[in-house]
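**Student:** Structure below; questions to follow.
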Amino acid sequence: MTNDGMKIPQATAKRLPLYYRFLLNLHSSGKQRVSSAELSEAVKVDSATIRRDFSYFGALGKKGYGYNVNYLLTFFRKTLDQDELTKVGLIGVGNLGTAFLNYNFSKNNNTKIKIAFDVDPNKVGTQIGDVPVYHMDDLDKVLIEEGIQVAILTVPSTVAQSITDRLVQANVKGILNFTPARLNVPTSIRIHHIDLAVELQSLIYFLKHYPTDAEITEVEE
Ligand SMILES: NC(=O)c1ccc[n+]([C@@H]2O[C@H](COP(=O)([O-])OP(=O)(O)OC[C@H]3O[C@@H](n4cnc5c(N)ncnc54)[C@H](O)[C@@H]3O)[C@@H](O)[C@H]2O)c1
């Protein structure tokens with residue numbers, strides 16, 4: 001939602017964290033304005049799209065001036081609830097899960113994995129990158145106690161659906177699913193699937209069908 005309650009298109013909303021991170025860097029380097037061309041170069045989104053995205057929240061860049069970095073940051077902070085920390089739970093501390101715990105979104109100060117769960121006795125009771133690993137038996141209790149409503153799923157796909165059902169029972173509202181399983185959830189729950197194979201195929205498709213030179217010309221238009 002924008003400040004006046006208008007809904008931002010989903011595609012635009014997905015790009016906001018990208019813009020936000022880059023603007024934060026600009027801000028900390030003392031820069032006060034940015035042009036859509038500079039932004040475009042940094043975040044690899046064409047400048048026409050950036051201008052359209054920004055027009056949704058009333059940031060109309062002036063020719064020869066660009067956008068005011070502070071104004072944009074204030075807007076993004078509100079829109080993305082950057083002032084509020086969202087606590088995230090991670091289920092499945094294997095190869096992928098461990099990598100996420102070590103990384104733990106250190107560049108974002110608004111999201112943090114607080115708790116992890118697994119069934120492996122070698123992992124339960126340990127801490128990885130400051131995050132305690134609990135047994136799955138405690139899933140519902142701990143998630144509810146901690147008020148965690150967002151979960152990352154990095155378990156084998158065979159157990160993904162039954163764990164998802166438990167997450168829903170434990171009041172989780174959003175799930176980032178890294179397993180190849182397609183999960184069924186009530187319509188009130190939001191699931192985002194991240195399938196690296198699909199992403200890779202899509203990259204290869206674009207390389208074949210949209211040569212990069214053509215893309216550059218498009219950006220400059
Ligand atoms: N590793 C990758 O690069 C990668 C990439 C894309 C997608 N994935 C997908 O992500 C998921 C995890 O992959 P991985 O390589 O980390 O696997 P992994 O086998 O290393 O880790 C899975 C973890 O889940 C735990 N687990 C098993 N059953 C559980 C249960 N019932 N409840 C809670 N935890 C349970 C295991 O103990 C283990 O720690 C898989 O579905 C995989 O297809 C992995």
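Using the three backbone atoms N, Cα and C, a Cβ is placed for every residue, glycine included.
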**Student:** Looking at 18-57, 58-97, 138-177, which one is DNA-binding region according to TrEMBL?
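**Tutor:** Feature DNA-binding region in TrEMBL: residues 18-57.
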**Student:** Averaged across the DNA-binding region (18-57), what pLDDT does the model get? Just tell me the whole number, please.
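**Tutor:** Computed over the DNA-binding region (18-57), the mean pLDDT is 88 on the 0 to 100 scale.
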**Student:** Among the binding-site residues Gly92, Gly94, Gly97, which residue has the fewest other Cβ atoms within 10 Å of its own Cβ?
**Tutor:** Gly94
**Student:** Give the residue counts of the domain 'CoA-binding' (81-182) per reduced DSSP state, in the order helix, strand, coil.
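**Tutor:** Breakdown, helix to coil: 33 helix, 29 strand, 40 coil.
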**Student:** DSSP on the DNA-binding region (18-57): how many residues come out helix, how many strand, how many coil?
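**Tutor:** Split by secondary structure, the DNA-binding region (18-57) comes out as 28 helix, 2 strand, 10 coil.
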